[in-house]
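Take a look at the structure set out below.
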Amino acid sequence: MAESYRPLNRVIPWEDISPRPEPLRTPSESSSRILVIGGGVTSLITSWVLLDKGYHVTIVSKEWASWTDGQRITSQIAGALWEFPPAACGMHTDVISLDNSKRWSMVSYRIFCAMADDPEISTQAGVRLRRSDFFFPYSIEKDVEQHNKMLEIQQAGVRGFQHNKQLVQDREINPTFGAVDAYEHLAPIIDTDHAMLWLMNLVQAKGAKLVNEAIHGSLHKAEDALLARFKADAIVNATGLGAIELADDKTCYPLRGGVLRVINDGTDFPQITTALTMSADALHNLNEIVFIVPRNDNILLLGSIAQPDEWHLGGLTLETPIIQRMRKRCEDFLPVLQSARLDPEYPIAQGLRPFRGNNVRVERELRPKFVKGSPKPIPSRIIHTYGQGGAGWSLSFGCAGDVGVLVAEALADQTPIPMAMSDGNMPATAHSLQSWRAML
């Protein structure tokens, strides 16, 4: 690759986006208008990227982040520990999607690191860099997939990497639990309640209009009506599980998760400032995950579980057997947690990770529009970004960068290209095809 090559879907911190309240490129009255549907992290960060590109943005959602003791949205429930794919909860099996996810995750990593490096932004946005340790019940070299993942992380430029079995002793992991190998790197950890408020304020300051409304039915069928009603030139679908209806995608399904929230102020046990994980893939068991993550200076998350096709929110309680086993697993792994106190205000958080059969979809609508009076169909101006599963925060900026390219192509009425390309090493855009060929 020539050194001068820079991908067209780049999102370089403070060059292509700005954390300041004014848009990086001020839109004019004639600038294109984008309708973004969804109120979670994928929607808000996509809107941020589009606003800084100089578009007018309207965000429509049936629900937004809330800060009560009631049910919070999925983006708030998320553990929000940056992870190199696949995430700890597993379930990412599509090769093309996984290759794209690795690229997306590194775009996000660099931006979250830039946010954490700025003391003001770090405090305002709730983003910090912390040590993140991954443990294994065997020597990593014995598991080809996990070993290759570790090498990819090391080669990707992630900060503070070390492969060190001594981490098992250094972190005082219970020797009877079975952890025998580990590696560590620095990872962004996002205080999601804090970050969602910051993101909502940021996009509004940059000019986004927020609308409380539930959109129903197929977007493909309602495209022209929505464009006309919201005076928009293109639509971005960032609705998570809402894509079952809005994108006519019946492969989407929930992976219900839950975490316990315990007080981590140093009173009951030495304050834990390092994320500690044994993943589903490492343990080869979807519901035996160890996920211990410091949310902030006061709250520690203990998890997690992964229940496919479980739709019922509120079905998990402190007495639910799988939650009791989850807590015991964390205590067995790290015995100091036996004295942990639950957060009295919000002891258990549960949400539905939005998964999809072929994993993440960042792609233009492939079905054309048939316009009355026109002899030929024309390309749709809908762009989809959903199916991020348990990695919405980790993939957010990378997916948003691709959406930015796809929006530009849709506005130019270029023919959409399917995401499921044979090599799987690039976003499915006409520009990226040209760029990829130029690299060869």
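A Cβ is built for glycine as well, from the same backbone N, Cα and C atoms used for every other residue.
The structure displayed is predicted, hence computed values, not measured ones.
All protein chains included, THR74 (FAD binding site) registers 25 other Cβ atoms within 10 Å of its own Cβ. The FAD binding site feature in TrEMBL is assigned to THR74, SER75, THR239.
For ARG353 (D-dopa binding site), the number of other Cβ atoms no farther than 10 Å from its own Cβ, over all displayed protein chains, is 27. Under the heading D-dopa binding site, TrEMBL lists ARG353, GLY390.
For the domain 'FAD dependent oxidoreductase' (33-400), the mean pLDDT of the prediction comes to 94. TrEMBL lists 33-400 with the feature domain 'FAD dependent oxidoreductase'.
Whole-number maximum of the Cα to Cα distances across the FAD-binding residues THR74, SER75, THR239: 12 angstrom. Taking the centroid of the Cβ atoms of THR74, SER75, THR239 as the FAD site, the other same-chain residues with Cβ within 8 Å of it are GLY38, GLY39, GLY40, VAL41, THR42, SER43, ILE73, ALA238, GLY240, LEU241, PRO354, GLY392.
Note on SER75 (FAD binding site): other Cβ atoms within 10 Å of its Cβ, all shown chains, come to 28. A distance of 7 Å separates the Cα atom of THR74 (FAD binding site) from that of ARG353 (D-dopa binding site). Of all the Cβ atoms in the protein chains shown, 28 others lie within 10 Å of the Cβ of THR239 (FAD binding site).
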